[in-house]
């Protein structure tokens with residue numbers, strides 16, 4: 001059997017493309033021929049890192065498919081989820097993505113890969129793969145835990161048994177007692193109405209169940225009960241091969257994942273080097289979560305009231321800075337560093353001065369926090385983030401929440417400065433802080449071992465490659 005060839009096709013969003021790039025690098029480092037499929041305006045996300053890894057003998061090819069934005073009523077430059085002008089245009093975006101099917105089939109015809117690893121949001125790729133008799137493996141970009149919770153919520157609809165939005169219900173049939181409120185479940189799930197998005201989600205689930213299996217950016221020791229639940233109780237074929245961000249050993253790779261950082265990495269490291277171990281709070285809400293100006297104002301006041309040193313990453317599209325409390329930067333200039341734009345997150349979380357991570361609980365960020373051994377202050381906003389929060393606070397017990405209870409795609413609001421300061425202090429300086437820290441450090445060590453030769457994720461990838469090799473030689 002010759003060299004295996006994998007196609008990697010992420011949906012065009014930073015939170016999906018970056019782990020896919022890491023995954024392609026990981027597969028290539030194990031002797032696989034890796035090809036990433038993307039669109040012309042997203043090539044930059046991958047190209048620099050691919051160039052940088054050439055000297056290590058890691059060869060990754062990029063193949064481009066034109067994105068039909070204009071034909072689907074989107075602005076010409078709109079080739080990424082974060083560039084969509086409004087949520088109303090989400091269906092247009094996915095319609096445009098579906099039009100990439102024919103060019104993808106031409107590429108498969110030409111290159112004859114052995115396997116297609118594609119994003120959950122590309123459900124039509126299951127049929128494409130079947131057409132060429134190659135396995136399609138789904139990449140969700142989230143945790144085993146979140147998918148187990150989501151599955152139970154969908155099947156059992158426990159949110160129907162409560163009389164108010166604030167009353168908690170237990171999610172049935174899980175290894176732990178997980179409690180949620182109605183407003184922490186996505187409106188698509190709880191409304192029961194059919195919309196373009198609910199139809200899309202249904203298609204994604206059906207396509208999932210027909211696919212060959214699912215690959216996870218996670219590791220067995222982190223979610224043991226839920227890996228078992230997903231594979232044995234729900235009966236799905238799955239491989240845990242993460243944390244993918246840990247394949248970035250090089251300082252350049254850690255610093256420049258996805259976009260160029262808005263701060264010089266040396267300046268950032270110098271600032272962190274001048275601080276005591278575990279003394280800095282890192283605040284960052286990913287590339288998609290939106291906050292109202294009043295919520296950002298409360299966050300600033302909460303950070304200041306916590307009395308802790310901090311690095312705060314603020315998205316640049318907030319042109320006017322009316323939300324910054326008057327004199328905030330002046331008062332906190334010794335204590336804090338504000339980064340406007342994109343930060344070298346993995347580099348920051350790996351630094352010993354960082355003692356807590358205020359996060360929206362997107363899975364990439366959550367796992368990067370775990371890999372850095374950093375306790376978390378959880379502030380979920382939408383998607384499956386409320387489920388990931390429960391994994392951190394109830395199962396791993398490596399963090400505490402600010403009390404965010406409202407699933408909101410547009411803009412998070414309603415969390416008060418007192419709650420923010422209290423959660424930060426609880427994780428940083430309360431009598432519980434050492435416990436959070438020790439558990440977080442233990443998971444960091446487990447993560448490191450998982451990706452080393454003989455570790456659970458290393459072995460998981462070996463198994464995946466063997467499975468595909470067998471499939472290729474037998475045709476099933």
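In case you wondered, yes, glycine gets a Cβ from its N, Cα and C as well.
Quick look at what Swiss-Prot annotates:
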- 16, 383: anthocyanidin binding site (BINDING)
- 16: active site, proton acceptor (ACT_SITE)
- 119: active site, charge relay (ACT_SITE)
- 343, 345, 360, 363, 364, 365, 368, 384, 385: UDP-alpha-D-glucose binding site (BINDING)
If we check Cα distances from residue 368 (UDP-alpha-D-glucose binding site), which of the recorded positions 16, 119, 383 wins as closest? 16
In angstrom units, rounded to an integer, how far apart are the Cα atoms of residue 119 (active site, charge relay) and residue 16 (anthocyanidin binding site)? 8
By a 10 Å Cβ neighbour count, the lowest-scoring of the binding-site residues 343, 383 is 383
Note down the number of other Cβ atoms within 10 Å of the Cβ of residue 364 (UDP-alpha-D-glucose binding site), including every protein chain shown. 27
For residue 360 (UDP-alpha-D-glucose binding site), what is the secondary structure state per DSSP, taken as helix, strand or coil? coil
Which one is it, among the binding-site residues 343, 360, 364, that lies nearest to residue 383 (anthocyanidin binding site) by Cα separation? 360
Cα distance (Å, whole number) from residue 16 (anthocyanidin binding site) to residue 360 (UDP-alpha-D-glucose binding site): 16
Residues near residue 385 (UDP-alpha-D-glucose binding site) by Cβ (under 8 Å) yet at least 6 apart in sequence within the same chain, in sequence order, are 360, 361, 362
List of residues, in chain order, with Cβ under 8 A from that of residue 16 (anthocyanidin binding site) and at least 6 apart: 10, 119, 121, 139, 141
For residue 368 (UDP-alpha-D-glucose binding site), just count the other CB atoms lying within 10 A of its CB, please. 24
What number of additional C-beta atoms lies within 10 angstroms of the C-beta atom of residue 360 (UDP-alpha-D-glucose binding site)? 23
